[in-house]
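A short worksheet on the structure shown next.
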Amino acid sequence: GTFHPVCSGQILVLGDFFWHCSFSVKLTMAELWGIYSKPVPADSRELCTLFLQCSCITAVIGGLFYNWMFASLEYSWHLSVATAISFSLLLLLTLFLVHPARCVFTMIMPTLGTKQGRKLLFSTCIMIAVVNITPNIISNIKTILQVIQCICKNSSDSLLNSTALLQKVSWEFADAVQEATHPIYKPMNGHVRFSLLQNSSLIYQKMHLAGEKISREFLSVEVLVKDSVRAANRLAAGFLMLYLCFESTWYLKNYLTNIRFDNFYITKKLERLAMDRRAADLLVGSSKKLIRPTGLKLTREEAVLCLVQAMLVTVALMLMLVLVAMDHFAFSVADTAVRKAAQFSAVPVTLSIKYKVSPGVSCPLLFWRPPEALLLRDFDKTYHHQLIFSSAQCRISPPGPPSPSVLLVVGLLFCILYGSALLEPLARRLCRAIAASFFQGREDERVLHLYGKLARRHSREQSPAKGPSGCSAEPPAPSCLLPAELQERTSGNRFPTTTHNSKFGHCLNPVTRVSKSLVVSVIALLHIHWHHVDTATSVPQL
């Protein structure tokens, strides 16, 4: 064929198309998230969009909740359906009407990556293992016992048949003895009598009863283990779900009430505030103590916590591997027993009887016959028999191999557990970002508090080099700007402006400046405590 080169203009047009598509998707997602995190919808369009969002979330969560109750927790179908529908309707009303509940529900998702979420996944792994792996182990043990029972039954049959062979041999031998040449040599009764158990059903009945007793014991143990683990898993699942909600609520409560809680991140608002205050070096000097919420840097405490959690997950993985190894071992033994039992060949048994009698003393005068006439007929016969240990009539259930799907699910769950153990700090940062987007006014206060804390620390570090005046002439230090910032917030302006008042162009006397800072700080704290920040206001560019 002919090669048609693509024009560079077409490539540019295609690239612009994809860029515009991605940009439109980002804008749409940002708009949807803004409507979802807004306390009160601005118009009917936002109200309908919020209702559709809550409806979609509720439908997905309701389906997952039903599958979790019916498949994992093994509740009945009717109870699972009724509970899922009731839970979905209640969740829809809560998400649509209650703004803080919407924030708490959204924070539950990253909370699954914390310690409580791992406990929930642990209980799920244990339930899957007990419900699927333990019955398979018990089933393979039953198969081994059935093989042993079959071998015992066929062996007893063969032994009973061998006694019948001995009876036949004894009668034939007695008949040969009776065929003597003279009646004087004949015994009065030359037959050997055997007392045989002709009713072999008694042995079979006893063996069957013993096998049934063992099966009932194994079945009772299996049912007891499954019921106990099912009940414990249901209680643990309910408790952990409630604890996840409690932990998210606790985080949001501390975020709103404690301004120092989880407040050591270099956010974009803090960077813009530092740039507007001409104090960008403030963040550079504090980069060792602060971390970025979007970065992968971990503090020493976070790294140690991640390693400890990973070790705990490894211990649980070792225990689960022991259970999986037991499943494979039981299947291997059961499969080998069934195959070897089917390959058992009949054991041949040969019974040879040689009989020859001659008198030790010749007495022709007593018996009136020559010595050669005293010889009896020789007896030499061989009998063959087979001992059978296996039969096709035995009812042996086939061994159950380990389920690959169960192993795959358990492996994926443990991969999630390892990921959550190593990414737990990032999950907490995501919780903080969600809370900040839902309560933007409170986030502005937290940014101002962190900025003031860094400014005071920077002022203390730079005070020896500045002399007794406390501030340099240009540019103004952050410590000089902080009182104005707080004064703006207490005077009714909730957000800081980017312009500097002329009254703060010079630095005050150190005593006066400190006194004024304390007074304004107390006023600002009282204002924050008694007047909740209106989160519906738009966030300015700090």
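Glycine residues also receive a Cβ, built from the backbone N, Cα and C atoms like all the rest.
The shown structure was predicted, so the numbers you read here are calculated from the model rather than taken from an experiment.
Noted in TrEMBL for the protein shown:
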- 17-36: transmembrane segment (TRANSMEM)
- 48-69: transmembrane segment (TRANSMEM)
- 75-99: transmembrane segment (TRANSMEM)
- 120-138: transmembrane segment (TRANSMEM)
- 235-252: transmembrane segment (TRANSMEM)
- 261-451: domain 'Dendritic cell-specific transmembrane protein-like' (DOMAIN)
- 303-326: transmembrane segment (TRANSMEM)
- 405-423: transmembrane segment (TRANSMEM)
- 458-477: region 'Disordered' (REGION)
Using a Cβ distance cut-off of under 8 Å, indicate which of 48-69, 120-138, 235-252, 303-326, 405-423 has the most pairs with the transmembrane segment (75-99).
48-69
Maximum Cβ pairs under 8 Å to the transmembrane segment (405-423) - stretch from the list 48-69, 235-252, 303-326:
303-326
How about long-range neighbours of the transmembrane segment (120-138): same chain, 6 or more residues beyond its ends, C-beta under 8 Å?
72-74, 112, 218, 221-222, 225-226, 229-230, 233, 236-237, 240-241, 244, 316, 320, 323-324, 326-327, 330-331, 400, 402-403, 406, 409-410, 413-414, 416-417, 420
